[in-house]
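Following: one structure in structure tokens, then a few remarks.
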Amino acid sequence: KTFTRCELVQALRRQGFDEAKLRDWVCLVENESRGRTDIVGKPNKNGSRDYGLFQINDKYWCSNTSKAGKDCNITCSQLLTDDITVASKCAKKVYKRHNFMAWYGWRNHCQNKPLPDISKC
């Protein structure tokens, strides 16, 4: 699934993301995955890969085998579904530990920069 900006805003609200940080999350998602749930990134320098809407990394957060594991206790394929419940829960866990600094897409394109306008959503 590819989310439009407003679909994304509505989905994130449904998942209980903090309204005050919503523009940051939208910016992050638009820069990390272009709003796509099914995206698997090219291998990173350390050989790890990033999965799904939030581009969550398999080095620490999800297991790339069929057995759920790592810090989010999920398989990486669970991050690629159209239902973003599991991905959202894991993204919040990453955020809780590292803030938005965990995501290069946010650091490079959103930090101290104009954030997307979601006022029409």
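Positions of Cβ are set from backbone N, Cα and C atoms, glycine also.
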Record Swiss-Prot, residue C90, disulfide partner from C72, C110: C72
Candidate in C76, C110 joined to C27 through a disulfide, as Swiss-Prot lists it: C110
Integer Å distance between the CA atoms belonging to C62 (disulfide bond) and C72 (disulfide bond): 6
Residues near D50 (active site) in space but at least six apart in sequence (CB under 8 A): E32, V40, G41, N44, I56, N57, D58
Densest Cβ neighbourhood among C62, C72, C76, C110 (disulfide-bonded residues), 10 Å radius: C62
Residue among disulfide-bonded residues C6, C27, C90, C121 with least C-beta crowding, 10 angstrom cut-off: C6
